[in-house]
Amino acid sequence: MAAGTSNYWEDLRKQARQLENELDLKLVSFSKLCTSYSHSSARDGRRDRYSSDTTPLLNGSSQDRMFETMAIEIEQLLARLTGINDKMAEYTSSAGVPSLNAALMHTLQRHRDILQDYTHEFHKTKANFVAIRERENLMGSVRKDIESYKSGSGVNNRRTELFLKEHDHLRNSDRLIEETISIAMATKENMTSQRGMLKSIQSKMNTLANRFPAVNSLIQRINLRKRRDSLILGGVIGVCTILLLLYAFH
């Protein structure tokens, strides 16, 4: 009976790790899609400065469809991983050996933390993509209004020239913000790839920590230092972003 329940737990852990690996790859591709959409929007804006054609890029709709498809796939994977975590929670609540139950709870909490990180990263990337798309649609509408006004009143109209200059200034500021976002997303992708390598190492270290209390104490100190380094890195990135925004709107 004990062997059967142990096999059930290991099967759940195997399914959880497989879904986590799939989600990690999907989220990296999802982030790259958002970055490429941002770059294509910036190139489209620069092209519109020298052309009166206001027709959107053909690959915009293709990227939108790809975005919707990938978002649905990631949501389904998150739902499946949530279900696996719920089954693991039910198993830990019914485990009979207290010492074993403590070790299982530690493993379950680690899988829950990974699920929470993936969910937060997905919603953040999705929100960034939607914001870029809405901003591009808004700017496209503004460009159409400008072209319509130019055709009705003439290019030499003073008000039109002032409006166009202000529009160019806004486009330059918007492009600088997009480049800043791209740098931040590239940094996040590098950290995501590093997290994949560290995750397997941490899993082995956690297994050793459950067996040797001294190793567990060492791992806790390492985790505290890692969190401190993450806070410092996040603070530096935040300050750099604020400085770039201040420079852009100064």
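Glycine is treated like the rest: Cβ placed from N, Cα and C.
Lifted from Swiss-Prot, the feature list:
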- 10-30: coiled coil (COILED)
- 70-93: coiled coil (COILED)
- 41-51: compositional bias 'Basic and acidic residues' (COMPBIAS)
- 39-59: region 'Disordered' (REGION)
- 230-250: transmembrane segment (TRANSMEM)
Long-range neighbours of the coiled coil (10-30), counting only residues six or more past its ends (CB under 8 A): 70-71, 73-74, 77-78, 80-81, 84-85, 87-88, 91, 107, 111, 114-115, 118, 121-122, 125-126, 189, 192-193, 195-196, 199
Non-local residues, at least 6 beyond the ends, that sit with Cβ under 8 Å of the transmembrane segment (230-250): 173, 176-177, 180, 184, 187
Predicted model, mean pLDDT over the coiled coil (70-93): 92
